[in-house]
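As annotated by Swiss-Prot, active site, proton donor applies to 89. Summarising the annotation, Swiss-Prot assigns 5-amino-6-(D-ribitylamino)uracil binding site to 23, 57, 58, 59, 81, 82, 83, 114. Marked as (2S)-2-hydroxy-3-oxobutyl phosphate binding site by Swiss-Prot on the basis of sequence analysis: 86, 87, 128.
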């Protein structure tokens, strides 16, 4: 019979970094509230949570890389909102942020949860920041907890 390794949803004793973009703060602050709520509900001590605020989504990967390099965090949660406008700027930012965050996780071995919304409209972002479609900040924190525990089981 194979051995199954799964992460549990218990944040006790784990240390988390959160990187949140300030641009579109009316959305990103709701995502941050959701992430903090999930971490605390699942047993994290608020003294084991560090929040780094960066100007916008484009700065998220580099701040995440700096946090990962410290070796202090069991997982890092990236939060922000990139909303499509009338120019191709959205496409460049959304693609580079997602690639950059993925590279940090792969290169560092630290679990990184991607909670950066990439939406076509403000309404879609609002729906995903605590209204009709739930709170993706909360969901990202749950992913971070589970993955951090999974990695502890693999060691």
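If you go along the chain as it appears here, the first residue is 1 and each next one adds 1.
Backbone N, Cα and C atoms are what each Cβ position is placed from, and that goes for glycine too.
On the structure: features taken from Swiss-Prot.
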| residue | record | Cβ within 10 Å |
| --- | --- | --- |
| 23 | 5-amino-6-(D-ribitylamino)uracil binding site | 17 |
| 57 | 5-amino-6-(D-ribitylamino)uracil binding site | 30 |
| 58 | 5-amino-6-(D-ribitylamino)uracil binding site | 19 |
| 59 | 5-amino-6-(D-ribitylamino)uracil binding site | 19 |
| 81 | 5-amino-6-(D-ribitylamino)uracil binding site | 29 |
| 82 | 5-amino-6-(D-ribitylamino)uracil binding site | 27 |
| 87 | (2S)-2-hydroxy-3-oxobutyl phosphate binding site | 8 |
| 89 | active site, proton donor | 12 |
| 114 | 5-amino-6-(D-ribitylamino)uracil binding site | 21 |
| 128 | (2S)-2-hydroxy-3-oxobutyl phosphate binding site | 24 |
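Comparing the binding-site residues 83, 86 on other C-beta atoms within 10 angstroms of each C-beta gives the minimum for 86. Taking only the Cα positions, the spacing between residue 114 (5-amino-6-(D-ribitylamino)uracil binding site) and residue 128 ((2S)-2-hydroxy-3-oxobutyl phosphate binding site) is 13 angstrom. Each residue contributes its Cα atom, and for residue 86 ((2S)-2-hydroxy-3-oxobutyl phosphate binding site) and residue 59 (5-amino-6-(D-ribitylamino)uracil binding site) those atoms are 22 Å apart. Residue pairs drawn from 86, 87, 128, the listed (2S)-2-hydroxy-3-oxobutyl phosphate binders, are separated by up to 23 Å at the Cα level. Separation of the C-alpha atoms of residue 87 ((2S)-2-hydroxy-3-oxobutyl phosphate binding site) and residue 59 (5-amino-6-(D-ribitylamino)uracil binding site): 20 Å, rounded to the nearest whole number. Residue 81 (5-amino-6-(D-ribitylamino)uracil binding site) sits 13 Å from residue 89 (active site, proton donor), taking the CA atoms of both as reference points. Following the DSSP three-state reduction, the secondary structure of residue 82 (5-amino-6-(D-ribitylamino)uracil binding site) is strand. Taking CA atoms as the reference points, residue 57 (5-amino-6-(D-ribitylamino)uracil binding site) and the residue listed as 'active site, proton donor' are 12 Å apart. On the backbone, the CA of residue 128 ((2S)-2-hydroxy-3-oxobutyl phosphate binding site) and the CA of residue 89 (active site, proton donor) stand 21 Å apart. According to DSSP, residue 23 (5-amino-6-(D-ribitylamino)uracil binding site) sits in a coil region rather than a helix or strand.
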